[in-house]
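Among the features that TrEMBL reports, domain 'HpaB/PvcC/4-BUDH N-terminal' is placed at 6-273. Residues annotated as FAD binding site in TrEMBL: 156, 157, 158, 159, 193, 453, 454, 455, 456. Residues or ranges marked as domain 'HpaB/PvcC/4-BUDH C-terminal' in TrEMBL: 281-478.
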């Protein structure tokens, strides 16, 4: 079948009846009607509908190599620099519909799956059908336009030291058995964003235990309604209010979940890795995972920064403070960040090369620079909004107030240089939602740790970057004396 529609996506998710727990209760009934999930589900449905627009066909889709039907561009394995550019433009097209606020919209996992499929030969080194399983699963997801989530993180039991678990007290999800039907997984994984509101979940190697214990060396994908698979939700950051009051959280609140595997059977045809430590420890470095995923993420971060720049400049215009130099300096910080990210993204495409798997792969060094720079920069955006918005970010009545007997007074006393109080508060509520609400605070935390510990990220850039030419130049300079 071709690309899916938003209605088809919603119908599929509702029919799954996955095991989801929120605020001490198991979620019952269609998930798309649940207050904590309906906003993001319907926003995601709009993304699917957008790729079906006739005028967007060439950008959002490409011809399936197996069926000839139109499938999503986010599944496209780039063979040329033009393919890379098409992927970027498609990713940014979707991001413009969300302001870049949906970190786990479908293109994220589609890109992950594409990268693993392109390097599927890696999985063949353990024997069996694992490489073929990866290829078949990629094609299955591409041809059915499935929506996926994932989980990479092990529970944080004691980060001050390495800990070993005993057989009778399993915490981090591990393989506890291999049968004729498949592998058995027991334990937990953390932070499956959009857990329970996708078709399936992908699970790949993670954690310090992977270096010594083959029971943690596994990879697979299963439907979200698989027996024994549970999703435990955090508190919802959607306050259940309309778009005026909560313009971002009401639409783009992506639930984060703890994933519990209670003796989950993964059929062999869905197993990509089982017990091979060498593959588990080299998978991310040897595949195209990192360059392609970072290219996708940085593409989205550019759009997100543009959205924030727009919010900040509208604040400046609304309260008429553009002539102040300290305001200009703050806005310039955001402009510099935007142009830096755009330049690093462009450099990654300009210097792209065919990798060992035959895939056109963006240059990793500019992308590593971008994902080291952005986590340190994004919190400053929120701070700039707070510094410019100041008390205006707490003088924000609700839409109900504007529909009450006091509406005339609110429109009068909260007016701005560009409009009445209703329009001013609408903008300031948007600024509040992105910088101060629970939704906005999660966005800041999310960007801080998107690719993990910032210190380790810096170490990755340090070790990956070729510094030899710079060193040799200095050595030659010293010899000349």
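Even glycines carry a Cβ here, placed using N, Cα and C.
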| field | DSSP-derived class (H/G/I helix, E/B strand, else coil) of residue 156 (FAD binding site) | value | coil
| note | Row residue 156 (FAD binding site), column other C-beta within 10 angstroms, all chains, value 8
| Ranked by the number of other Cβ atoms within 10 Å of their own Cβ, which of the binding-site residues 193, 454, 456 ranks first? | 193
| query | When DSSP states are folded down to helix, strand and coil, where does residue 456 (FAD binding site) land? | reply | helix
